[in-house]
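*Asks:* Structure below; questions to follow.
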Amino acid sequence: MDHTHTGRPPRLPDSLYDEKKNDPDEGFRSTTPIDMVDAESDILDPMSDEIKRIRWKVDKRLIPMLALIYLCSYLDRANIGNAKVAGMETDLQIKPGHFNNALSIFYVGYILGEIPANMALKKIGPRLWIPLVMLAWGGIMISMAAIKNENGLYAGRFFLGLAESGFAPGPMFVISMWYIRQEQAIRAGLFFSAATVAGAFGGILAYGIAHMDGLSGLRGWQWIFIIEGLPTIILCIVAFFVLPDFPATATFLTSAERNLTMKRLQADAGPANETEFTWDQFWAAFKDWKVYLHMLIGFFHAVPHAALGLSIPSIVEGFNFDHVTTQIMTAPVYVIACLFTLAMAHSSDKKKERGYHATVTILVSMIGYLLLVFTRNASTAARYVSLIVCTSGNFAFTPVALSWPSANIGGHTKRGVALAMIISFAQIGSAIGGQLYRDDDAPTYKRGHLMSFGSLAVGLLLVLLMKMMLLKENNRREKLTPEQFAKESGQAGLADRHPDFRYYS
């Protein structure tokens, strides 16, 4: 039997680990720590001192910047909830129920741009592409302070979504280009926890901005759009100088460090290591059942996730707080959700498991929704704790769920297209989610909570189905005869369909 048919990605040939043949760095010696990593330990060992040192250099450069950008992105898309509490709905004379249309239309632009955006990111590189789209959405955010009616609000939200779509699927794709599979969920958790920090920071910031009402003739909600849009403009300049492109061209790493980073990625990918753009890989994403199942999972989670993220200020306001206190009372909800998100992401990587972790987060969120329904006439404290439980599970699902297809879909082109497909389809759920919490259901929002619970229940079944099917396929590949293995591995460009590839279930 072929020696690579072992149930794990094969080790690269020893010749590929010889840095002396292709390292241009003057004075490089074969006795450096990097050589010792190659010769004496598994190149995928995340606990190697040299690998930890290189990974920390990448972490410092990449993760804080992606998290700050996502913080700005989430803040700019979700601050409409704070603006509503600050009086925007009344000032613009928005008709009953039409505010929800403004929430949903954002995702129309979001959906249209995501697949082209991920292809542009791959072609142009994160260092230039991401700052450009930041400049676009930051400018749109600030200009929304000038809107005069609900049609202007619709237009602003549509183009904000179109601009932010240039960034949305990118970070998970970039993380998958820098880290092996068992390192991705915690990085995604750190990155996506920025959304929870944004929620907390947004509430505190809106609390302060609410006191600016009337300054320079502007209402408080106008100042929210201006002040929360400015950091995006400033950060896009910083991002241009800080963000790296991809490992092969990273100037902040030495040549030896770049080589080791790329070899780890190749070894982890095993047979699914296609890096160049091909149309076969592009269309392969549309032929993979896993992509469509992940799309459905993302859709049914996005419905309650978007509804909750956009409506937390309104839900908290229904707990009998005044407008100003509402803004700051949203912060603890997000802080606790952030901690739970990081804990679940860390556990998911440590266990090299995705399905059961996603299941736990969904169950926590479902329990929270039931508590919100049953405590709707209870004390403020009980309702507030229920919201914390619900939000924690809701937000913790995202990094676990998105690092799942990232770990299982091989080939750079196929993965980039697949992630864009999954995230863009989920935004249809987000658009629906924008309609869940309506004024005629306030202040308890029982209908919205129950609809969110039902959507998560469907998503839970799909997650368990995915888990079962991946386990079944891994087991099938383990039991292939030499003849069957030779037949299934005989084509080029198989990526994750290669029988030596094993899925994270």
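Heads up, the Cβ atoms here are built off N, Cα and C, so glycines get one too.
Automatic, uncurated: that is what TrEMBL annotation is.
Below, the features straight out of TrEMBL:
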COMPBIAS  17-28  compositional bias 'Basic and acidic residues'
COMPBIAS  495-505  compositional bias 'Basic and acidic residues'
DOMAIN    62-475  domain 'Major facilitator superfamily (MFS) profile'
REGION    1-32  region 'Disordered'
REGION    481-505  region 'Disordered'
TRANSMEM  128-147  transmembrane segment
TRANSMEM  159-180  transmembrane segment
TRANSMEM  189-209  transmembrane segment
TRANSMEM  221-243  transmembrane segment
TRANSMEM  291-312  transmembrane segment
TRANSMEM  324-343  transmembrane segment
TRANSMEM  355-375  transmembrane segment
TRANSMEM  381-404  transmembrane segment
TRANSMEM  416-437  transmembrane segment
TRANSMEM  449-470  transmembrane segment
*Asks:* If you count Cβ pairs under 8 Å, which stretch among 159-180, 221-243, 291-312, 381-404, 416-437 touches the transmembrane segment (128-147) the most?
*Replies:* 221-243
*Asks:* Which sequence-distant residues neighbour the transmembrane segment (355-375)? Criterion: at least 6 residues beyond either end, Cβ under 8 Å.
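*Replies:* Residues 297, 301, 304, 340, 344, 347-348, 382-383, 385-394, 396-397, 400-401, 404, 445-446, 449-450, 452-453, 456-457, 459-460, 463-464, 466-467, 470, 505.
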*Asks:* Would you kindly list the residues that approach the transmembrane segment (449-470) from elsewhere in its chain, counting only those six or more residues past its ends and only Cβ-Cβ distances under 8 Å?
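*Replies:* Residues packing against the transmembrane segment (449-470) from afar: 290, 293-294, 296-297, 300-301, 303-304, 307-308, 354-356, 358-359, 362-363, 365-366, 369-370, 372-373, 404, 408, 429, 433, 436, 503-505.
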*Asks:* With DSSP helix as H/G/I and strand as E/B, how many residues of the compositional bias 'Basic and acidic residues' (495-505) fall in helix, strand and coil?
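*Replies:* Breakdown, helix to coil: 3 helix, 0 strand, 8 coil.
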